[in-house]
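Before any comments, here is the structure.
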Amino acid sequence: MHNDKDLSTWQTFRRLWPTIAPFKAGLIVAGVALILNAASDTFMLSLLKPLLDDGFGKTDRSVLVWMPLVVIGLMILRGITSYVSSYCISWVSGKVVMTMRRRLFGHMMGMPVSFFDKQSTGTLLSRITYDSEQVASSSSGALITVVREGASIIGLFIMMFYYSWQLSIILIVLAPIVSIAIRVVSKRFRNISKNMQNTMGQVTTSAEQMLKGHKEVLIFGGQEVETKRFDKVSNRMRLQGMKMVSASSISDPIIQLIASLALAFVLYAASFPSVMDNLTAGTITVVFSSMIALMRPLKSLTNVNAQFQRGMAACQTLFTILDSEQEKDEGKRVIERATGDVEFRNVTFTYPGRDVPALRNINLKIPAGKTVALVGRSGSGKSTIASLITRFYDIDEGEILMDGHDLREYTLASLRNQVALVSQNVHLFNDTVANNIAYARTEQYSREQIEEAARMAYAIDFINKMDNGLDTVIGENGVLLSGGQRQRIAIARALLRDSPILILDEATSALDTESERAIQAALDELQKNRTSLVIAHRLSTIEKADEIVVVEDGVIVERGTHNDLLEHRGVYAQLHKMQFGQ
């Protein structure tokens with residue numbers, strides 16, 4: 001199997017073609033229009049011969065009568081074909097960009113959490129926006145150039161051979177040299193283009209970090225640090241761009257030099273008597289004008305290589321993501337509503353790319369309808385245990401059961417439908433409050449159900465104070481809300497979901513004492529008859545748990561009720577003493 005570095009441009013284009021093929025009708029129309037456009041230019045040059053030999057040569061003055069009409073007709077044809085080709089190419093490009101973005105977006109949504117752990121958000125955004133646009137714009141631009149300029153070159157050569165094959169043959173001899181020059185710079189263009197895609201992702205990441213963390217930047221005086229970081233990646237992008245310009249600029253004069261040498265040689269050959277005898281003023285003008293006219297399409301074809309390589313380099317980057325393995329969803333078991341029994345049996349788990357296990361030999365039973373709390377110092381593995389229940393990661397050893405069946409037996413959709421999650425890092429969408437509470441299921445719930453969930457989460461009071469109540473758009477990630485308000489909307493979302501298994505990962509960490517008391521009452525009600533896994537830093541919130549499990553360095557070191565663990569005077573008792581000073 002070839003990786004992206006081994007794929008040739010042709011192989012990459014062959015992979016891209018199925019994306020383009022459904023819109024080939026637009027390409028065909030554009031191609032015909034481009035050929036007619038090139039033909040009109042070539043035919044315009046051919047008019048020089050009758051104009052000079054007949055019109056101004058006074059052998060046929062009628063040429064001067066019909067010639068202006070032909071010129072006007074050709075210009076009208078040129079304008080129409082230019083519009084049609086541009087419109088069709090833009091239509092195809094837009095369709096290709098949309099298709100590629102949909103494929104990328106859909107594929108990324110199916111990627112495991114470990115994929116996003118390794119990738120920066122800025123880089124992935126750059127792939128969806130910049131790279132997909134680059135594929136279409138570069139490829140379509142290259143197509144326009146190849147078809148139009150290629151047709152021009154063919155037309156000009158045919159006309160030159162028609163009028164003087166002796167002079168034209170000289171240019172044919174030099175054609176392989178042009179091909180070699182293009183081949184030499186081709187590899188350079190591709191390498192630089194790949195570097196530009198990666199550097200653009202770094203620029204996006206740097207800008208995104210500043211924009212998302214602008215408050216921290218201001219508070220901690222990080223303006224200079226962020227400026228230096230952005231300047232560094234921006235300069236790297238500039239240098240890559242200069243390398244591309246340098247390579248492109250070198251290829252241009254090479255082609256122009258070859259064309260100039262050919263033209264000079266043709267001028268010299270035209271002085272031979274055997275050639276001069278067959279040339280008229282009109283013929284020599286057409287031939288030389290055609291040779292000069294060839295320089296523009298030849299130069300464009302040289303540049304098109306760099307343009308096409310940019311598109312293929314971006315395309316390879318996108319295919320690298322599309323070739324990445326998605327989440328394994330091989331389970332066949334579908335369940336409407338689980339009883340809620342969860343059990344860990346000898347579970348060991350290591351995060352991808354790391355050597356040291358995050359969890360070792362975990363054995364844990366969470367009976368249906370019971371509440372188990374996980375406590376421990378930061379980084380001990382509490383949140384990791386919770387993330388394994390939803391199969392955000394797959395375990396190395398052991399098994400995790402739900403209602404007596406291994407989690408891997410269930411379809412991912414069916415499994416995750418059994419779990420409601422409220423974490424300390426709440427993510428809200430740039431949508432209305434109501435749509436955030438009923439996220440992904442807005443048609444399933446009534447307005448009254450959404451309001452009731454908000455009321456149970458003690459969120460209805462601040463929601464009603466908003467300009468449009470539940471219909472208020474809260475901005476990206478709930479930027480218009482306080483931390484506590486975001487947390488309460490997340491709790492309302494979990495309440496509305498009504499799943500049999502509930503995971504509360506520091507769910508009340510962002511709340512003030514008064515709000516915490518109010519929401520804790522709602523959470524206590526929510527946890528009734530549900531299997532609840534509560535991760536808490538504030539030990540006061542989990543004192544009533546059916547069982548408290550203490551995790552340290554990925555290992556369960558203690559378990560029991562609140563009172564039992566205090567009497568044991570172990571790790572839990574130490575944590576309790578640190579918080580309450582008792």
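Backbone N, Cα and C define each Cβ position, glycine as well.
Positions annotated as transmembrane segment by Swiss-Prot, on the basis of sequence analysis: 16-36, 63-83, 153-173, 253-273, 275-295. Under the heading domain 'ABC transmembrane type-1', Swiss-Prot lists 28-310. If you look up Swiss-Prot, you'll see 342-578 marked as domain 'ABC transporter'. Marked as ATP binding site by Swiss-Prot: Gly376, Arg377, Ser378, Gly379, Ser380, Gly381, Lys382, Ser383.
Considering only the binding-site residues Arg377, Lys382, the Cβ with the fewest other Cβ atoms within 10 Å is that of Arg377. Mapped onto three states, the DSSP output places Ser380 (ATP binding site) in coil.
For Gly376 (ATP binding site), the same-chain residues that are 6 or more apart in sequence and have a Cβ closer than 8 Å to its Cβ are Lys382, Val550, Val551, Glu552, Val571, Leu575. Neighbour density for Ser383 (ATP binding site): within 10 A of its CB lie 20 other CB atoms from the protein chains shown. Other than Gly376, Arg377, Ser378, Gly379, Ser380, Gly381, Lys382, Ser383, the residues of this chain whose Cβ falls within 8 Å of the Cβ centroid of the ATP site are, in sequence order, Thr384, Val551, Glu552. Every protein chain considered, the tally of other Cβ atoms within 10 Å of the Cβ of Gly381 (ATP binding site) stands at 22.
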